[in-house]
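Notes to accompany the following structure.
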Amino acid sequence: MIPFSLKNGTLCVEDIPLPEIAAQYGTPCYVYSHSYLTERARRFTKALDGAGKGKSLVAFAVKANPSQAILASFAKEGLGADVVSAGEIRRAVHAGIPPERIVFSGVGKTAEEMRYALEIGIGQFNIESVSEIEMLAEVATSLGKKAAVALRINPDVDPHTHAKIATGKADTKFGIAAEDALSAYEKLASYPSLKIQGIASHIGSQITDLAPFEAAAERIYEIITALEKAGHAIETADLGGGLGVRYKDDQPEPPSVEAYGEMIKRVTKGWNCRLIFEPGRSLIANAGVLLSKVIRIKESKTARFVILDAAMNDLVRPTLYDAYHEIKAVTPSAQTYQADIVGPVCETGDIFARNRSISAVKADDLMAIMSAGAYGATMASAYNSRPLVAEVMVSGNKSALIRKRQSVEDLMRDEQKVEWL
């Protein structure tokens, strides 16, 4: 489905015109299409049906968007959760995702986080170093529990994506080098409190070519074969996530979920293990927009600035990654002009688009920053003492506030008065 479309000259989310959302909930706010995200979950699950041994686990990467409403929607679709902190575990469980469908990744798990994960019975730890093996063994022993473990292997595959979101090359902090895999598994097998359950890999995010995924999977299977010859049974293979989405209207469509699924089935044919996947962006990015109002138009000798009430603290991707987002007038006109689209934060880097051709908006017009469902609200901050914005979910002609707008009082609530100041 198409979650955002023009109807009678106005951009709508499903069946609701975005001006109605702005009038009811204010701006800026994030707006999500429930129908789209559930459709994506179903397509992903269906595309991977029959891959590997038994039913694959699709574990949503919670870091992409940890909203309780979104996690609850995915829980109802049978998805699990890929998490990287105890906080994300708590969010997933609170939203209804069973602990056994949770995979705990990340290079910096603390003993306290491991303890909590063991106590609630998560499905798998993806361990990324020998020292982490040692820590988990100690924690599991202290609790009298046995931890199910996969080692994350770094396959040294170039995913051809932005350097800051490439995770499968040898020079990144992630995973254990492929040449060290066998010795790491021998170390893992030496601890009675740890169970060898599987192997894991994740090469990056926003990948728009299937070849790196295929190369990584083939490398992982080579290691699985070597491990099995050494007497280590591998029950699960976590192939990570990273499938990209289209951010620019004039870009070619990236590989579909179905094409990805066909490639996975072909490459993993004959694998005697259950497969796990960690999609994030590909499920949620195009389900959301950041809805904003034009504060004013500023003209200078060198540029025209469209100043929005949204800022880099609300959506940091353009500042952090030079990421491109389509930015559309909610009620577009035939007239266009070139402009820099910026926010009110006191940073030159507070810019969403530079020298962009857009509908000739004016003060109080609404604009939608598209494809903002992933790594948007989750990466927001209160910089310049700007409260976090509201989040809204839409299904058909129904809408609901899923996170209220913060107030400045909310920002100051946890601060403490110091008597001697």
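Including glycine, each Cβ sits where the backbone N, Cα and C put it.
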Looking at Swiss-Prot, Gly242, Glu278, Pro279, Gly280, Arg281 are annotated for pyridoxal 5'-phosphate. Which of Tyr185, Tyr337, Tyr375, Tyr383 sits in that same site?
Tyr375
So among Pro279, Arg281, Tyr375, all listed as binding-site residues, which is physically nearest to Glu347 (substrate binding site)? Use the C-alpha atoms.
Tyr375
Counting Cβ atoms within 10 Å across all protein chains shown, which of the binding-site residues Glu278, Glu347 comes out on top?
Glu278
What is the set of residues, excluding Gly242, Glu278, Pro279, Gly280, Arg281, Tyr375, whose C-beta falls within 8 angstroms of the centroid of the C-beta atoms at the pyridoxal 5'-phosphate site?
Ala61, Ala64, Ser205, Gly241, Leu243, Ser282, Leu283, Ala374
Among the substrate-binding set Arg281, Arg317, Tyr321, Glu347, Tyr375, as the record gives it, the longest Cα-Cα distance in Å:
27
Within 10 Å of the Cβ of Pro279 (pyridoxal 5'-phosphate binding site), how many other Cβ atoms can be counted across all chains shown?
24
